[in-house]
Structure formats: structure tokens, C-alpha cells
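Worksheet: one structure, shown below.
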Amino acid sequence: MKIVTTVQEMQHITKELRASGKSIGFVPTMGYLHEGHATLLRKAREENEIVVLSVFVNPLQFGPNEDLDRYPRDIDRDENVAKENGVDYLFYPSVEEMYPAEQTTTVEVVKRTDVLCGKQRPGHFAGVATVLMKLFNITLPTRAYFGMKDAQQVAVIEGFVADFNIPVIIVPVDIVREEDGLAKSSRNVYLSQEERKEAPHLYRSLCMAKERIEAGERNAEIITTLVKEYIETYTKGTVDYADLYAYPSLQVVDQIEGRIILAIAVKFENVRLIDNITLTVK
């Protein structure tokens, strides 16, 4: 595995690889890698001749009162996970390397961002789309891999790749969970011992809602109310949102039909956790 820290070198490598006909699987991350990231890397390894992993904590996608400075970082751990999962190139640029001067252009996302995390975090998805535009141009991937834990992000990325005719295949990958159902996340380290015991109830609330839908409930408000009440009963967390939308358009639905997403965000003392399920309802 080769570690690359400059845009120029990474671009030179990927241009040569693509010119020689090699397929490139790209996994963009902010580091502090866990089994969810490893799953993305293994899928990229299966489907491509070359695997590129980026580790970059992107300041553009953090708001003024968010956890940019304390976002967990451990490059030694990340290198080990990368090596264990078949990464060929680890792209690890500094902020100064990625943003050497003030940005004159950013990517503004105009759809699919006024709900869920986009509503709570204005500017977040503009930051995500801007850094991905840069990373796609640097790594020139054939395929790029994203976890469905950030399902809104996947919907936004699919839209922006289509809008700008970017020649990359977006590959969504199912959420990876702990044995008790908690979605794996770099931010889970912020949970207290008691909160960690409560956190699996987030996924249980979604499973309960899924059972109700499969049993015939089609009223979106009844389902989201059920989820909120369950989380408020079984955890000390504060429900930021529990919402149901058409997916991937993220349009409001009153009656549940077609492909939908049920998504939640819950604030604990030192961390905000998200989770979701997507399902197709006939």
C-alpha cells in the first residue's frame, strides 16, 4: 500500500492507471475507520482492480458549532484497516493541500437537502458535494462506495453525479451494525456507558415501525409518532427528527407506498446519532 499526501501525485497515479485500462474503486472517508468502512473497502476490492481510500476530515461540511476539532482521528489505526482490507493507495492530504486558497466555487445542492440532516445542518451537503467534486477529479474512480447509514448523503451524491454527468458509478452499501443492532459509527466513542446500553433502541424503534408497515399500516404520521414515543420511552436521548419520505427524492409522503426511508436522529449528551431503514411498500 502506498500513502499519497499531495493532489498532484494522486492525480498523476490515477491518470496513469485509468490510461492503462485499470478500474478504480474509491472509498472517501473522514478516517477513524471501523467495520462499516472495512465493508466498503472489501466491496471495492471485489469489484475493481485498484482500490483508493481517502482519509480527510473536510472542514467545509462542519457547521460553526459542530465537532470538527474533536472529530476522532487515528491515522495509524486507519493505515492498519486499509492494509488489512486490500487498499492500494491511501490518499491522506492536509487541509492546506485540499484547500490551498480561498474557494472561488462551491457546489450548491438545491434538492434533497431541506429535510433530515440537511435541515438541521445548513451548508453541510454543499461541503460534502464540493469535497467530492474535488476528490472525484483527483482519484478518477470507476466506482465510489458509500454507506447507507448516511442515506440522505447517498441520495444527494447520486443526484449531483447525474446532474454534472460525472463518469462514476455510485455504489450504496448496506448499514453495518454491532451485534446489538447499533449502526457502526466513528462517533459512537462519544457515548457514555449508560448511553451505549440505550443506543440499540434506535434500531429497535425502526424495526418495530417496519413490522407495523408490513402488517398494513400506511399512515406516515402514525409510524413516525410511534418511533418518537419508543425512543423517548427507552432512552434519555432527545429526538432531533423521526421522519418518513419517498426515497431517493426525499419528498414528503402522507400515505406509505413505493420506496421509502424512515430516518431518525437522536441527540445524547455528547453525540448525535443517526440511523435509518429503507423499504419498498406495495
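Just so you know, the numbers here start at 1 and follow the chain as drawn.
Cβ from N, Cα, C; glycine included.
Listed in Swiss-Prot for this protein:
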- His37: active site, proton donor (ACT_SITE)
- 30-37, 147-150, Val176, 184-187: ATP binding site (BINDING)
- Gln61: beta-alanine binding site (BINDING)
- Gln61, Gln153: (R)-pantoate binding site (BINDING)
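In the shown protein chains, 26 other C-beta atoms lie within 10 A of the C-beta of His37 (active site, proton donor). In this structure, Gln153 ((R)-pantoate binding site) is part of a helix by DSSP. Taking the C-alpha positions, the distance from Met30 (ATP binding site) to the residue listed as 'beta-alanine binding site' comes to 11 Å. Long-range Cβ neighbours of Gly36 (ATP binding site) (same chain, at least 6 residues apart, Cβ-Cβ under 8 Å): Gly147, Lys149, Ile175, Val176, Ala183, Lys184, Ser185. Of all the binding-site residues listed (Gln61, Ser186), Gln61 sits in the most crowded Cβ setting, with the most other Cβ atoms within 10 Å. In the structure shown, the C-beta of Leu33 has more C-beta neighbours within 10 angstroms than that of any other entry among the binding-site residues Leu33, Met148, Val176. Listed in sequence order, the binding-site residues from Gln61, Met148, Gln153 having a Cα within 10 Å of the Cα of His37 (active site, proton donor) amount to none. According to DSSP, Leu33 (ATP binding site) sits in a coil region rather than a helix or strand.
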